[in-house]
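*Asks:* Structure provided below as structure tokens; questions to follow.
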Amino acid sequence: MTASHGQAAAIPTVTLNDDNTLPVVGIGVGELSDSEAERSVSAALEAGYRLIDTAAAYGNEAAVGRAIAASGIPRDEIYVTTKLATPDQGFTSSQAAARASLERLGLDYVDLYLIHWPGGDTSKYVDSWGGLMKVKEDGIARSIGVCNFGAEDLETIVSLTYFTPAVNQIELHPLLNQAALREVNAGYNIVTEAYGPLGVGRLLDHPAVTAIAEAHGRTAAQVLLRWSIQLGNVVISRSANPERIASNLDVFGFELTADEMETLNGLDDGTRFRPDPATYTGS
């Protein structure tokens, strides 16, 4: 990992399998209204975040684009991720959807374009992956990847297209630490990107988490984010509160001990707070 430049110099980056880079911490805007998303992204950029994560299905790409434009930060210092909605899957439709996302964002390219969900139709997501390969070739996206893909899904697209995703974004927190899938990702040199790192807030008052937080003089959220970073993940948190947004970026001035990591790893019980990708067909 290396440090990025400018205001966000303290944020390390990870190199993807296509030699592009991503900051290891980003802000997400899922389930935020337009006004909330715009305020959240503005606050995040001001705090020093440079990785912004949205999706067509969130319905707030235009708001994200407005916040980016208003920030005055050079485009090449910001990393923008958006995602292909399940109804838009398909070889041709995925390319059209990517261009529509660019238009809503008001950008010439995105840094990362992801298939949002497998969606339950193998042939459809394989065709979509072919579309994303064209999206990358055409310069619409610098890097391409997937969200919520299991080991079999990854094997399918890699074996059929001979092109490996740069990123697999998955639900990941101490109750669902995804050790097996992280190992599969690593075997393909795919970066694991963690969403839902705070367990939709339910882990913030977990006794094991709060005890570690007290030991370090940190917030529970900072401990949860730090745990994920130390596992080697890129981590995407979400908040509409500017103070929490700034606090959640302050995760590089301390390190969890091996025992603390083991304690948090030991909380894994398979609990999901988001849909199970193996059966989910929504967007």
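Residue positions begin at 1 at the first shown residue.
Cβ atoms here come from the backbone N, Cα and C positions, even for glycine.
So Swiss-Prot lists these for the protein:
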- Y58: active site, proton donor (ACT_SITE)
- G196, L198, V200, I236, R238, S239, A240, R244, S247, N248, R274: NADPH binding site (BINDING)
*Asks:* Across all chains shown, how many C-beta atoms besides its own are within 10 angstroms of the C-beta of S247 (NADPH binding site)?
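*Replies:* Around S247 (NADPH binding site), other Cβ atoms within 10 Å: 17.
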*Asks:* If you skip the near sequence neighbours and keep only those at least six away, which residues in the chain come within under 8 angstroms of R238 (NADPH binding site), Cβ to Cβ?
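*Replies:* The list for R238 (NADPH binding site) reads I27, G28, V29, G30, E31, L32, S40, given in order along the sequence.
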*Asks:* For A240 (NADPH binding site), what is the tally of other C-beta atoms lying within 10 angstroms of its C-beta?
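*Replies:* Looking across every protein chain shown, the total is 16.
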*Asks:* Take the Cβ of R274 (NADPH binding site) and count every other Cβ within 10 Å, whichever protein chain it belongs to.
*Replies:* 14
*Asks:* Rounded to a whole number, how many Å is the Cα of R274 (NADPH binding site) away from the Cα of Y58 (active site, proton donor)?
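*Replies:* For R274 (NADPH binding site) versus Y58 (active site, proton donor), the Cα atoms are 15 Å apart.
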*Asks:* By the DSSP assignment reduced to helix, strand and coil, which category contains R238 (NADPH binding site)?
*Replies:* strand
*Asks:* Hey, how far is the residue listed as 'active site, proton donor' from A240 (NADPH binding site), Cα to Cα, in Å?
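*Replies:* On Cα coordinates alone, these residues lie 15 Å apart.
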*Asks:* Near the Cβ of G196 (NADPH binding site), how many other Cβ atoms are there if near means within 10 Å?
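*Replies:* Excluding its own Cβ, G196 (NADPH binding site) sees 24 Cβ atoms within 10 Å.
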*Asks:* Please work out the number of neighbouring Cβ atoms within 10 Å of the Cβ of V200 (NADPH binding site), leaving out its own Cβ.
*Replies:* 14
*Asks:* Take the Cβ of the residue listed as 'active site, proton donor' and count every other Cβ within 10 Å, whichever protein chain it belongs to.
*Replies:* 22
*Asks:* Secondary structure at R274 (NADPH binding site) (DSSP, helix/strand/coil)?
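*Replies:* SS state of R274 (NADPH binding site) = coil.
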